[in-house]
Amino acid sequence: MLQKDPCQKQACEIQKCLQANNFRDSKCQAVIQELRKCCARYRKGRSLVCSGYDKEEVEKLKPKSTSQ
């Protein structure tokens, strides 16, 4: 039996909020923060919804190259 993604509810709430607000993410920051909290609560690999978020966070932590 497949387990339900623990952060799917928050991801769906983000989609609803974005659609209701003409995709202005500034109007949905509270809902986005709830997804971040959920992703932080579950270890990597437990939530497919968070896999993109996890990759985004890793990219933010990488040192920026200084091109000359």
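Cβ atoms are placed via backbone N, Cα and C, with glycine included.
Curation does not apply to TrEMBL; its annotations are automatic.
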Using the record from TrEMBL, pick out the residue from Cys7, Cys12, Cys17 that is joined to Cys28 by a disulfide.
Cys17
If you pull up TrEMBL, which of Cys7, Cys12 shows a disulphide to Cys38?
Cys7
List of residues, in chain order, with Cβ under 8 A from that of Cys28 (disulfide bond) and at least 6 apart:
Ile14, Cys17, Leu18, Asn21
Site of maximum Cβ density within 10 Å, from disulfide-bonded residues Cys38, Cys39, Cys50:
Cys50
Out of Cys7, Cys17, give me whichever of these disulfide-bonded residues has the highest number of other Cβ atoms within 10 Å.
Cys7
At the level of the C-alpha atoms, what whole-angstrom distance separates Cys7 (disulfide bond) and Cys50 (disulfide bond)?
7
